[in-house]
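J.: If you scroll down you'll find the structure; I have some questions about it.
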């Protein structure tokens with residue numbers, strides 16, 4: 001047992017990456033993979049069973065808990081943004097260096113791509129059987145919507161852009177409130193569950209129009225995977241070339257969320273007073289001369 005533990009320790013030391021930004025990128029990749037794997041897995045189960053194994057609520061619950069699990073996995077290493085819109089907001093507020101925006105975005109998109117690939121492999125036979133050995137993007141037998149978001153038939157481009165803008169702005173406002181130490185800070189360890197609850201609320205209130213991507217990586221990574229896996233370039237042209245909306249609109253919504261929170265809440269908060277308990281501890285450590 002002692003030798004095994006020593007071997008595990010040595011292997012850990014050998015595999016340890018000393019470049020901090022690379023460690024953080026790997027964490028973002030894995031966290032986003034978990035988000036997409038569980039989230040899109042729930043969509044696959046509903047679509048491929050034609051609604052007999054879940055529905056709109058189960059999809060939203062799965063995405064909410066998937067975000068929670070992704071944050072729990074990656075949070076200690078990278079902060080678990082799992083979303084370029086969140087990273088953009090943090091860089092815009094100077095809470096993270098701008099170099100993290102392209103690095104995190106690439107890692108998050110890769111994680112989403114891999115998560116989609118896992119679900120494709122998991123439901124491979126069911127996907128092919130669903131539409132008689134065809135990979136169809138949209139319609140009654142469409143399966144591309146398992147992985148990326150597409151607009152409902154009633155939705156035009158302007159309304160869809162506004163949909164993603166408001167959804168992302170709402171997400172950013174809530175995330176900033178959750179992580180703001182001068183506001184009502186969430187008890188340590190519960191941040192992941194609270195952010196997951198925010199995603200659940202957004203999904204159940206704003207998910208009808210286009211599936212509330214509010215995350216460029218979560219949408220583009222799986223969309224790119226479907227284009228490569230056999231659905232083809234139609235995944236980029238369907239919905240009047242909808243693909244760019246879940247990328248551009250969330251980034252603009254992120255800026256709006258930052259401005260709304262800072263102008264209406266953040267700029268008016270005062271730092272909390274020093275803790276009396278901490279002062280007592282410090283005073284108790286003072287040595288008095290007798």
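In case you wondered, yes, glycine gets a Cβ from its N, Cα and C as well.
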J.: If you check Swiss-Prot, which stretch out of 243-264, 265-286 is marked transmembrane segment?
T.: 243-264
J.: Looking only at the topology recorded in Swiss-Prot, are residue 50 and residue 209 found on one side of the membrane?
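T.: Membrane side for residue 50 and residue 209, as annotated in Swiss-Prot: identical.
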J.: In Swiss-Prot, which of 9-22, 79-92 is tagged intramembrane segment?
T.: 79-92
J.: Write down the single range among 211-224, 225-238 that appears in Swiss-Prot as intramembrane segment.
T.: 211-224
J.: Among the residue ranges 139-155, 190-206, I'd like the one that Swiss-Prot describes as transmembrane segment.
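T.: Of the candidate stretches, Swiss-Prot labels 190-206 as transmembrane segment.
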J.: So which residues does the transmembrane segment (243-264) touch in its own chain, when a touch means Cβ under 8 Å and the partner is 6 or more beyond its ends?
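T.: For the transmembrane segment (243-264), the nonlocal Cβ contacts are 83-86, 88-89, 92-93, 148-149, 151, 157, 160-173, 176-177, 210, 213-216, 219-220, 223, 235-236.
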J.: Using DSSP, what is the helix/strand/coil residue split across the topological domain 'Cytoplasmic' (75-78)?
T.: 4 helix, 0 strand, 0 coil
J.: If you skip the near sequence neighbours and keep only those at least six away, which residues in the chain come within under 8 angstroms of residue 63 (site 'Selectivity filter'), Cβ to Cβ?
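T.: Long-range Cβ contacts: 35, 38, 39, 42, 199, 200, 203.
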J.: Quick one: give me the count of other CB atoms within 10 A of the CB of residue 218 (site 'Selectivity filter').
T.: 34
J.: Could you tally the C-beta atoms, other than its own, that fall within 10 angstroms of the C-beta of residue 141 (N-linked glycosylation site)?
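T.: Other Cβ atoms found within 10 Å: 13.
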J.: Checking distant contacts: for the transmembrane segment (101-121), what same-chain residues at least six beyond its ends satisfy Cβ-Cβ under 8 A?
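T.: Residues 21, 24-26, 28-37, 40-41, 44, 78, 81-84, 87-88, 91, 127, 146-147, 216-222, 224-226, 229 contact the transmembrane segment (101-121) from elsewhere in the chain.
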